Amino acid sequence: MRLIRLFTYYLLGMVSIFCVSIFPQYFSTRGTPESTGYFAQLFSFGKDLMKPESWVYQFERSQAGGAPMMEIMGPAFIYSMQILLGALLAGFSIALFLALGSAFLPKIVLSPIKRLLDVLESVPDLILATLLQVLSIMIFKSFGVDLFRVASFTEKAYFAPIVTLAILPLVSMFKILLLMIEEEFLKVYVTFIKSKGIDKLNILIRHILKNIMPLSFHHIKIIIWGTLSSQFIIERVFNVHGLTFYLLDNFKPITIFVTLGLIFTPFYFLFQLVDIWLKEDLPLSYETRRRSWWQISRIGNMVEGTKRFFENILYSIKSINLRKLSPFRPFINAFFTFYRHMKNWKFAIGALFFIVTISYSIIYSVTTDNHVDQVRLYYSEDGVKLLSAMPHAPTKPFFFGSDKLGFSLFDQLVIGAKYTLIFALLIALLRVVGGLLFGVIYAFYLGPRTQQWLAKLIDSIHFLPLSLVAYILLAPILMPAFTGFGYEFTYTFTERILLEMFILTILVVPLTSVLLGKEIKRVLDYEFIASARVLGGSRFHLFWRHIFPHIGARLTILLGTQFIQVLLIFIHLGIFKFFFGGTKLDFDPMGADPPMSITHEWSGLIGELGRTTIASGRYWYLWILAAFMMAIFAMQLIIQGVKEVQQVKVGVLYKLPKAQKKKAKHTHEVPSYQVTKDSFKVIGNESNSTLEPGVGTTFDRKIKPKFKRGFERGM
């Protein structure tokens, strides 16, 4: 039965890839007279897959004819997997050795290491690739050694792509292992082992490492998912002739299907077999008896189940007290929550970055009507001497320099900030809200086996590179298509924005739904939830009054991580000239301008970066990546601030500089008190003689006889 489920999930994953492969062709032909509709094209593509003569790779750009599909894609797949596996092996191995070595370091040394890992985690992969190229150019100019050689048709490059791609898994895995090892050292069994006299190295190798490996396996899947998306860009930057190169050269449904299938198949079976080895897919303990298929499919059971489902929803709606609902209460609660978090300096700095940047961008656009200064030739004051030509270096005529057409980089960054940051936040918010809505359905209305089946099915998305799938779906939307009157957009500007937001949201909503659904299930296992159910609390009451306050901080953290992921996708799409809102192309035969962004958003400037740009000494173009990096770092500060506020709420102690200053101030104000022999008073028979008459008698009367004898005996 387990083997049947394994192949069933695989077939469902391949069906999903089959449905996705036809989307670019459908979007590009939609609205044209020859368009036949999505399902008609899907059915036609399915028939073509059954024909062996359809499995041919056409060299469209090189005009070299065709060749059998697997003769081209097979070696390209092996080349890409060699780079990927080399990067993963190098990154995970170095991370493991660094984590084991860090376990012997003092806390004073570990603290800056953790902060450095947080900073490195905020650096996008494109920035790392660019900086490594800058380093290789400097070494080549100084010593004549070319470390990072770009690939060609005759020579393959391994060192540069592997080193660049290995940084992401190295940093992520090192941070995860470091935190898990620290947490494991605090457990009771480690204290017991230490009491037996076993040294720290043996404890680390024989016990802790063995216990954290199954848990780290879940993080490995997420890391590989991110690495697959990064490889899509690294192959482009270093001109690697792998799957990415041949996919872009022949962007047809059959090539898309083969590429995604080759990536999906090995990773799916690898992780599913590891799941079986870890024995995670065990049947639930309370499911001792399963009903047969004819019992489940009986009409009476189906009608009764549907009736109970709608009765639960109706009861939840009726339990809402409309009198207590206020349209202003959520905004008031959100304001006070925001004010409470602003007391944390990390959250305040990150939030102020977004508030100030977006506000300044909107004000600048309104007051100047999105004006961008342009200087093609810069002359001296006398107008005779030519000082510089396009692109202009900092600081004249523009402080931050210009692009290839002489447009000010700073003006473009300011105008595009509102589009980049607002829509990235909006897409991240839609991912979280959509995941929360479907997560509630997942946790409250689905049975355990349905939840398990759905989680396994959605888990297959981890094996498809998100940036590659986004590229496949957005290619016919963001790029103008050739019509009878020239190159024109198939969709309007508003439709392009809405479609891009929808695609970038819907690709991740299944993952956030399962993630938040499991988080809600974890809260439902608490004892106070059982008490609330006994007292008659409805599902809406349980969610709104008990569950939502517990997962609120988790939602904020998830919003931050999704925002960072959206920015990374913007960067990846910008490498391929796919800009938010559409790409403006120029087909002037006398000298066409490079592709430009219609909205001037930040990913539209990413195309300015390249190996020739850095090699020519135009380092001021790195301001473009610095803007992305500042936004990512600001969001990481917000996430860290939310975590610290949540830790204070649950009682976890950490040092506050303000609290330390107040404590030091009060310490100096407390007067010193000297203890002498006069500070004590002897109590005994002699002291009773000094009392006033009648006092001793009154004291004796208050003591019962048996206590009085003991008191006198103690004298």
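Each residue, glycine too, has its Cβ placed from N, Cα and C.
TrEMBL labels come from automatic prediction, so no person has curated them.
Long-range Cβ contacts of the transmembrane segment (7-27) within its own chain (Cβ-Cβ under 8 Å, at least 6 residues beyond either end) map to 35, 38, 41-42, 45-46, 49, 251-254, 256-257, 260-261, 264-265, 268-269, 272, 456-457, 460, 463-464, 469, 472-473, 475-477, 490. Per TrEMBL, the feature transmembrane segment maps to 7-27 (among others).
Panel annotation: around the transmembrane segment (77-105), residues 113, 156, 158, 161-163, 165-174, 177-178, 181, 185, 200, 204-205, 209, 220, 224, 227-228, 231, 234-235, 240-244, 262, 266 of the same chain, lying at least six beyond its termini, place a Cβ under 8 Å from a Cβ of the stretch. Marked as transmembrane segment by TrEMBL: 77-105 (among others).
The transmembrane segment feature in TrEMBL is assigned to 126-145 (among others).
Feature annotation from TrEMBL assigns transmembrane segment to 157-178 (among others).
Residues 80, 83-84, 87-88, 92, 125-126, 129, 161, 164-165, 168-169, 172-173, 176-177, 180, 240, 244, 263, 267, 271, 274, 278, 459, 462-468, 471, 568-569, 571-572, 575 of the same chain lie 6 or more positions beyond the ends of the transmembrane segment (215-234) yet place their CB under 8 Å from a CB of it. Residues or ranges marked as transmembrane segment by TrEMBL: 215-234 (among others).
Only residues 6 or more beyond the boundaries of the transmembrane segment (254-278), in the same chain, are considered here, and those with a CB under 8 A from a CB of the stretch are 2, 6, 9-10, 13-14, 17-18, 20-21, 24, 45, 48-49, 54-55, 57, 69-70, 73, 77, 81, 214, 217, 221, 224, 228, 243, 246-247, 460, 462-465, 468-469, 472. The transmembrane segment annotation in TrEMBL covers 254-278 (among others).
Panel annotation: around the transmembrane segment (347-367), residues 338, 341, 414-418, 421-422, 425, 630-631, 634-638, 640-642, 645 of the same chain, lying at least six beyond its termini, place a Cβ under 8 Å from a Cβ of the stretch. If you look up TrEMBL, you'll see 347-367 (among others) marked as transmembrane segment.
Below 8 angstroms of C-beta separation, residues 309, 312, 354, 357-358, 361, 451, 454, 497, 501, 504-505, 508-521, 524, 539, 543, 555, 558-560, 562-563, 565-567, 570, 580-581, 599-603, 631 of the same chain, each at least six residues beyond the ends of the transmembrane segment (419-445), sit close to that stretch. Per TrEMBL, the feature transmembrane segment maps to 419-445 (among others).
Residues or ranges marked as domain 'ABC transmembrane type-1' in TrEMBL: 421-643.
Taken from TrEMBL, the feature transmembrane segment covers 457-477 (among others).
Annotation comment: TrEMBL describes 497-516 (among others) as transmembrane segment.
Per TrEMBL, the feature transmembrane segment maps to 555-580 (among others).
Residues or ranges marked as transmembrane segment in TrEMBL: 619-639 (among others).
In summary, the transmembrane segment (619-639) lies against the transmembrane segment (126-145): three or more C-beta pairs, each 6 or more positions apart in sequence, are under 8 Å. Beyond the ends of the transmembrane segment (157-178), by six or more residues, the same chain brings 82-84, 86-88, 90-92, 94-96, 98-99, 102, 110, 113-114, 117-118, 120-121, 125, 128-129, 132, 136, 147-151, 212, 216, 219-220, 223-224, 226-227, 230-231, 234-235, 237-240 to within a C-beta distance below 8 angstroms of the stretch.
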